[in-house]
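The transmembrane segment annotation in Swiss-Prot covers 33-53, 77-98, 113-133, 178-198, 226-246, 288-308, 320-340, 347-367 and rests on similarity to another entry. Here Swiss-Prot flags His83, His182 as heme b b562 binding site, drawing on similarity to another entry. Swiss-Prot lists His97, His196 with the feature heme b b566 binding site, giving similarity to another entry as the kind of evidence. Look at Swiss-Prot and you will find His201 tagged as ubiquinone binding site, backed by similarity to another entry.
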Amino acid sequence: MTNMRKSHPLIKIINHSFIDLPAPSNISAWWNFGSLLGVCLALQIITGLFLAMHYTADTTTAFSSVTHICRDVNYGWLIRYAHANGASMFFIFLYFHIGRGIYYGSYTFMETWNIGVLLLFAVMATAFMGYVLPWGQMSFWGATVITNLLSAIPYIGPTLVEWIWGGFSVDKATLTRFFAFHFILPFIITAMVMIHLLFLHETGSNXPSGLNSDXDKIPFHPYYTIKDILGILFMALALLMLTLFSPDLLGDPDNYTPANPLNTPPHIKPEWYFLFAYAVLRSIPNKLGGVLALALSILILMLFPSLHLSKQRSMSFRPLSQCLLWILVANLIILTWIGGQPVEPPFITIGQLASISYFCIILILMPTMSLMENKLLKW
């Protein structure tokens, strides 16, 4: 009799995806982030669902409903902070996952990579809308500033902004629709993740060497399931430490003040995971130029397959490109720091230089370095 996991129509799909899946024998801990992102997504959906049971999407009661969750609901504080800090963990893992893809040349799987970039956009949109829901000062003003950027679009901009707002300012209609979108998007993201995996399993995983590993494959279970569980335990430890010891470490104190349209906070800034893009936006004095640079700072990921000029796939054996990539990482950390600083000297200049370097490293230096390495290796 055939094993049920190999014959049952539904279980067969799970078997081919997570149990009998042939995986390269040499994938390192950098390949753990995919499963960690999946766990993060599940955690966010579960905690979000419980929060939605007590939250009210109305400008008069939104702030107090969040307070009520933290004070009166059984373990409401834990659910709320696990959700907020879970989002931070999500982005940490996302950035590691993308960095791994760039380092090891995983972007040569075009379909998987492009779906991944679309996933990044969807997660960013979800996180932005979620930040608006507590209806604190930074929620309100963040929503006002970011949605206002669309008014830079020629001709249709101002109408588009009012259409998104559902009125002439960020108000009740905006909050209600943001809650609706924040609720539905994670399920759309889940569907996109399935497509992401579908395309990945068409080609099989990349390996640190960047070479074809068809000659040496091992079953995903038990080798990589146990490895993923270890990663999940580390993640659970980090998230619990953050949630139980310093839940507000990554938040903004301004968001503990109820939204007030008549009082602007001194420094409007998004959550830490958007600061690098926010710094790029602010570094350009022109509004439309800033919006385009903001979009391009993430859309540039789509260009990686076209900019790959090296004869080798991975950076494992390319020390010069490795140095450049780590310079890019340092540059992104500088951009993140600048995004959280006020718009005054010397931060303006540092932000402009870091933004120029960001685009130069990716568009000019990395392809040039690849060609140079080809020459050095006489290829």
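Cβ coordinates come from backbone N, Cα and C, glycine included.
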How many other Cβ atoms are found within 10 Å of the Cβ atom of His97 (heme b b566 binding site), counting all protein chains shown? 20
Could you check if the transmembrane segment (288-308) is in contact with the transmembrane segment (178-198), meaning 3+ Cβ pairs under 8 Å among residue pairs at least 6 apart in sequence? no
Nonlocal residues around His196 (heme b b566 binding site), in sequence order (Cβ under 8 Å, 6 or more apart): Thr112, Ile115, Gly116, Leu119
Using a Cβ cut-off under 8 Å and a sequence separation of 6 or more, which residues in the same chain sit near His83 (heme b b562 binding site)? Gln44, Thr47, Gly48, Leu51
Among the binding-site residues His182, His201, the one whose Cβ has the most other Cβ atoms within 10 Å is His182
Ranked by Cβ pairs within a distance under 8 Å of the transmembrane segment (33-53), the first of 113-133, 226-246, 320-340, 347-367 is 226-246
Select the range from 77-98, 226-246, 320-340, 347-367 that forms the most Cβ-Cβ pairs under 8 Å with the transmembrane segment (113-133). 77-98
Look over the recorded stretches 77-98, 178-198, 226-246, 347-367 and say which has the most C-beta pairs under 8 A to the transmembrane segment (320-340). 347-367
List the Cα distance (Å, whole number) between His182 (heme b b562 binding site) and His97 (heme b b566 binding site). 23
Between His201 (ubiquinone binding site) and His97 (heme b b566 binding site), how far is it from one CA atom to the other, in Å? 17
